[in-house]
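Encoded as structure tokens, the structure appears first; notes follow it.
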Amino acid sequence: MRAAIYPGSFDPVTFGHIDVIERSSKLVDQLIVGVLNNNTKSPLFSVDERVNMLKEATKDFGNVEIISFSGLLVDFAQSHNIHILVRGLRAITDFEFELQMAQTNRIINPDIDTIFLTTNLQYAYLSSSNVKEVAMYNGDISHFVPGFVINKVYEKFGIPKR
Ligand code: ADP
């Protein structure tokens, strides 16, 4: 069985993430979305909130499982006996960081490879950070995140429901 892990912060999940999940889940038998718990970025949403939003967003995909992890990604992958990591590439600005991380992971564990899916052009501009920035100033985020996520984001900024 071919399995892969798509790791990330998902703070919160966006249409860009869901697109990568949908496309990569078609390339493997099982896709685990790994939600990073030990985040130095002090996330807006708790790890449980991020896991639950991802579960809701992917409930129609039969072979996708959402699991949180802390510590090293390669250790998480090894503990599930998974050798493929999936990451998304939006622009050249992602490339340097992603290349460095993939190479570091391969040095730590040479059995693990990272594959990259280029963004769907429709979502090339989209990141969790810009969702938060727009929401903070009461901007419209309905083009960025699923309907059920919208008010959860506003709530974090004390903005009344829309
Ligand atoms: P991290 O903090 O690990 O970068 P993110 O949740 O920001 O976590 O992103 C997880 C992965 O999803 C990364 O590989 C990122 O490049 C990718 N990604 C994020 N947004 C998009 C998008 N709009 N299109 C394609 N890939 C994306």
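Heads up, the Cβ atoms here are built off N, Cα and C, so glycines get one too.
Now, the feature entries from TrEMBL:
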- S9, K41, L73, R87: substrate binding site (BINDING)
- S9, F10, H17, G88, L89, R90, E98, Y123, A124, Y125, L126, S127, S128, S129: ATP binding site (BINDING)
- 5-133: domain 'Cytidyltransferase-like' (DOMAIN)
- H17: site 'Transition state stabilizer' (SITE)
Cα separation, E98 (ATP binding site) to R87 (substrate binding site) (Å, whole number): 8
Candidate binding-site residues H17, L89, L126, S128, pick with smallest Cα gap to K41 (substrate binding site): S128
Cβ atoms near R87 (substrate binding site) (within 10 Å, other residues, all chains): 19
Residues S9, K41, L73, R87 [recorded substrate binders]: greatest CA to CA distance in Å: 18
Where L89 (ATP binding site) sits in the secondary structure, as DSSP reduces it to three classes: strand
Which same-chain residues, if any, lie at least 6 apart from L73 (substrate binding site) yet have Cβ under 8 Å of it: I5, P7, G34, L36, L85, N105
Listed binding-site residues (L89, A124, L126), ranked by Cβ neighbours within 10 Å, top entry: L126
